[in-house]
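Pulled from TrEMBL, these are the features on record:
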COMPBIAS  68-85  compositional bias 'Polar residues'
DOMAIN    103-487  domain 'Major facilitator superfamily (MFS) profile'
REGION    56-92  region 'Disordered'
TRANSMEM  104-125  transmembrane segment
TRANSMEM  145-167  transmembrane segment
TRANSMEM  174-191  transmembrane segment
TRANSMEM  197-222  transmembrane segment
TRANSMEM  234-255  transmembrane segment
TRANSMEM  261-283  transmembrane segment
TRANSMEM  309-334  transmembrane segment
TRANSMEM  373-394  transmembrane segment
TRANSMEM  400-424  transmembrane segment
TRANSMEM  436-459  transmembrane segment
TRANSMEM  465-485  transmembrane segment
């Protein structure tokens, strides 16, 4: 009998990749690739030390077990065996957040705190723009002023193409710290701005890169801690976005008449400091940086060779036009050509962002059951219906209808912002989320660069109805490309009931 053992591991985790038995005159154990001195036993047979280990291990098997069941195809004598066993396996990993571990929820709280000032300012930037238009920058048109917030939002999203791979390579610590310091400096300098180029340099070119570091890190780190509940986790973290979008307009509304522009912005700055200090203490990685991530180029445009990712990117480009175009122009939309009260713009943004909290949580929870792509696609269709039925015919003639629409629109777009990171995570896995997310938003963020000035030009030159019609067309095209992305994810075999 010949027993060939290709690999032996430590006791307690014993495995062999091959047990071959053959009848011979004398039992001989051959250790593949190993030459050892054999001992002569009392009966004249030879045995090595490794043979004794094999013999002892087999003898400890229960009598009714089959020794051949030790066979496994996962281990072999190929030189890469050690690499395979040490490589990361997402399918077999245990994600603490899926089991409600406190450590995971504390990280999520840290992401919430970081997204409050970063994304929160992005989605409430229309209220700041509206104030500038009637005060410091009253000599400029809406279209010209719109380049300031659009530059800020664009760089905050586009520079994720650098921040994402840096996160994959080095983790969140220094990205979060550097982004926090730069963001705090930006907000206090913003209080001192008086002329156009001050605002553009401070908010756009300083706040943009800082916002990119904060938002990318806050969302990417969740992929380390959550898998089955990733949709819910993304939604809960993005509630920080909604809270910021509610609190910031209300603070501006209450503080500007009492304290003036400079001290109102400083008050926001102190709130941001508290949030970012907490975020830096709470956000931490769980997985070590992947060696593969360090071999990948910072600019990963080759990802667009994947059809599901490419179509998803085009779809997100469209919904960014609709989302940030509406956020940036709603206050101006309400004040041009209507008899709505002057403070309407502040309350519209607050209502929209407040209701979006529900849009981030409820669809996020449902998506973990029915699929992230399925949930996002349905919410895009529902939001388009809201726009066609309420905003297009009644938005500029009825204040009640406008508030109703803004609430419904907030719920729909809130789900977009929560579901996009979850869908990206489904395509990328935890070790490459930063690269996928950053690359996607490098393209999609181009929409934010032009949507606010374009929306301002449309509402001033051709009227509010044309603006709404334009956004409806863009969203319809985005739905089409999103369907193509889901189809590609299914291997071009469409299945209505597939959970993806």
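A Cβ is built for glycine as well, from the same backbone N, Cα and C atoms used for every other residue.
When Cβ distances are compared across the two stretches, the transmembrane segment (174-191) makes no contact with the transmembrane segment (309-334), since fewer than 3 pairs at least 6 residues apart fall below 8 angstroms. In terms of C-beta pairs under 8 Å, the stretch of 145-167, 261-283, 309-334, 373-394, 400-424 lying closest in packing to the transmembrane segment (104-125) is 261-283. Here the transmembrane segment (145-167) does not touch the transmembrane segment (261-283). Their Cβ atoms form fewer than 3 pairs under 8 Å, with each pair 6 or more residues apart. Contacts between the transmembrane segment (436-459) and the transmembrane segment (261-283): absent, as fewer than 3 C-beta pairs lie under 8 angstroms at sequence separation of six or more.
Mean pLDDT for the domain 'Major facilitator superfamily (MFS) profile' (103-487) in the predicted structure: 89.
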